[in-house]
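J.: TrEMBL lists these features:
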type: DOMAIN; residues: A:142-321; note: domain 'ABC transmembrane type-1'
type: DOMAIN; residues: A:456-635; note: domain 'ABC transmembrane type-1'
type: TRANSMEM; residues: A:93-115; note: transmembrane segment
type: TRANSMEM; residues: A:122-140; note: transmembrane segment
type: TRANSMEM; residues: A:146-169; note: transmembrane segment
type: TRANSMEM; residues: A:190-216; note: transmembrane segment
type: TRANSMEM; residues: A:268-287; note: transmembrane segment
type: TRANSMEM; residues: A:294-317; note: transmembrane segment
type: TRANSMEM; residues: A:337-356; note: transmembrane segment
type: TRANSMEM; residues: A:414-431; note: transmembrane segment
type: TRANSMEM; residues: A:463-484; note: transmembrane segment
type: TRANSMEM; residues: A:504-530; note: transmembrane segment
type: TRANSMEM; residues: A:582-602; note: transmembrane segment
type: TRANSMEM; residues: A:614-631; note: transmembrane segment
């Protein structure tokens, strides 16, 4: 198709010379032929029934078969069974070790590790973080989550590093893995839950494996990137000294990739935490489960008490691993100090044991649930509605639903199905290549074939509304931050914290403010996606060639002209990337919003899990995958994005 | 096919005659089905642009032949894209040549298996790179010891040997710094030390000083000259800087579009350029710094007994000018107590002006 347009005759009028116009014309031509045909055959607004394939029957049979054979079939007995047992045993072992160390021991060990790899300030922060977890009465769930995390992160890091090593050393492996890893990065976490539940059932093994599948890709990507990105001349120098391939790998390539490896580990840990919390839906237990239960009964206080430890854990893990990466190679750490640190930690743990204070003392717990709930009640009473002039939060949510979400959803569902496909094709082709357009259209069509056209469009309407809000706020904030150093400095720590928080946590405050429904899901998605959009926008605008800006200034351009005529056009690629990231991140949270009344696909997944109706859940999961693919491809600029923002 | 001119005169005193490297008809062609280009005389004769359109191939090195003699500094000089860096990498097969032969001490390099080739790289030829190629996560000492580590030497021994070399290149006291804490010149000293530490037969330099500031570059050139004087090691030196080539080289091979245009001593290159390209290249060279009095003199015995001035034939014209200007009279060129000829104002001015009768290249 691309070649067709390229060889168009030279005498075409000026407008036709623009590739965008040519693409649209060609598309219109294709549509003019196909649409009447399709319309004549399957005239209907929604996806025609004739074109759907009902998968629930075979899926239900598959799931029944698996449930029936889980204890007898050799595949489960000798393969999945062993994996499952190994996971359960190792999580249990780590959990017991953590409990045996006691709260004093765990805090001391964590603080000392942080001190050795990241410095005194982070060590104090780590200790404070752990003590706060105890103070909130969440010590046991924190340890449960931590045990699950330790096992999942270790497994993810090993799997990811091995895949990355393969992709880093073999070009063929790289070509095969890269599209898979890229696609996995854009899929919402929820999509990973059902396949593992199908195989392992609800429980810790499923939770750990879903976490591994979700968290291993960044490690694999960054390992491959590090191995491939090594300075060519250094490798040549190493080869010129007569090294063997093994020596090259061990003494040069892997050490040269240390920064990427640690960054990969950092991202893996963050994604694992995010998933370990979400996986409470499939039996992960721990902090996520507390949040999940609390949200189910709209008990914001209890949700917050479990949510704060999650955030603390995320911030501590992120800062410590990131600081370890930055401090790489600046100083030699003597093993003696490590020995001291270890001895001190063991001493504290033993002291805690001897004092008989293994469990966090009941008397030291601070119950924040009640005061928080009182505050929420007060908010419900005073802020929800009837606030003079501005109106209440519930009113906002209601207005947003009736004025924005409903019209968008109804509009989408009213559109004939083929026109939705056409819009998708046109957008994807204009922004990307005909490859991305084709994938996007096929993914959208697959949603129709799966028979979940209506709920998918519902989800899509929420995504579109959330993305629109995110982009308006994000671009405005990003432009402001790019123009004012002061503002950017003030903004940076806020963005840092927001970007480290797991998706799940965002649901807590929005439920407190807006109650349940579609509007709070959208609000959570906006808050989650905003930091990445702001950051990419700011970076893109700041990276604009200073010489171009200077020349515009020397010609007497006003700052508005500079922004409109120089900065924004030159930062086009970053802005498109911001849109892409915004869409991907928004989708992830809109889906999770199914837990707080967002409905649509996310609700189908939760419903499927809760009711044991795996068929419904799996179909919804597949639709989420397709929707994710479609949204990513539609907004994908010609070049691949670098990494996920969260 | 190239208008290669080989010098018949040898210059310098410590240079023997056994070639260390002997390169014969070497080709390196990049592109699809590269093998057919050197094999087909018609394709081999094509100009670079035509070759690219006809075959999609680029010939980085075209039919290059030369010998590197023991103990000499052999400079390969050319502008960027002339194929000189590819050429030096072909010598140890960091880039696999397409056709031709390479021999080190008479042993065929292209026929070597992997083990033998590793031996060559470990012990016989070590390379210094333009951007240093240091391992950022190792200290200076461990970088210098790296070649020895590759060879399997124990930690204590390799560190002791590395420490010696570090001292030799003037980096004492910086053993425990990391490359990122060093200046460009110091980094290249580490690169040089790493190559020296394995005590190779030949040192290969790939534009080692192009990334350095002019003043530091001069220091490093002096350092190389000093090392060469002290150790007499054979060196192959790649550069795009003509003055560097003239300063360091015992012989220079001038490359253009992958082929050697002229090969000779600095004096031959400057004094009798092989073609207009070389002439244009050396036009601005201060000739009195390169040409020797042997070229400038009027041959024949002065007849007198005193030999006023008594210049050695290898001295450059600039020195002769100083002598002649001081005495105000012609000076004799003397070798082994025998008078070879006489230089006077007229001959010396002729060299500076570039109007002296050209000695035809052989």
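Glycine too: its Cβ is placed from the backbone N, Cα and C atoms.
Worth saying up front: this structure is predicted, and the values here are computed from it rather than measured.
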J.: Which listed range (A:93-115, A:146-169, A:463-484, A:504-530, A:582-602) shows the maximal number of Cβ pairs under 8 Å with respect to the transmembrane segment (A:337-356)?
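T.: Most Cβ pairs under 8 Å with the transmembrane segment (A:337-356) come from A:93-115.
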J.: Do the transmembrane segment (A:268-287) and the transmembrane segment (A:463-484) come together with 3 or more C-beta pairs under 8 Å, pairs six or more apart in sequence?
T.: no
J.: Under a criterion of three or more Cβ pairs within a distance under 8 Å and sequence separation of at least 6, are the transmembrane segment (A:463-484) and the transmembrane segment (A:582-602) in contact?
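T.: Judged by the Cβ rule, the two regions touch, with the required three close pairs present.
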J.: Which sequence-distant residues neighbour the transmembrane segment (A:190-216)? Criterion: at least 6 residues beyond either end, Cβ under 8 Å.
T.: 62-63, 66-67, 70, 80, 83-84, 87-88, 91, 148-149, 151-153, 155-157, 159-160, 163, 184, 268-269, 271-272, 274-276, 278-285, 588, 591-592, 594, 602, 605, 608-609, 614, 617-618, 621, 624-625, 628
J.: Hey, does the transmembrane segment (A:93-115) touch the transmembrane segment (A:146-169), meaning at least 3 C-beta pairs closer than 8 angstroms, sequence gap 6 or more?
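T.: Between the transmembrane segment (A:93-115) and the transmembrane segment (A:146-169), which are separate recorded stretches, there is contact, as judged by 3 or more close Cβ pairs.
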J.: Under 8 Å between C-beta atoms and at least six residues away from its ends: which parts of the chain pack against the transmembrane segment (A:582-602)?
T.: 186, 188-191, 278, 281, 292, 295-296, 452, 455-456, 458-459, 462-463, 466-467, 470-471, 474, 503-504, 506-507, 510-511, 516-518, 520-522, 524-526, 528-529, 532-533, 620, 623-624, 627-628, 631-632, 634-635, 644-646
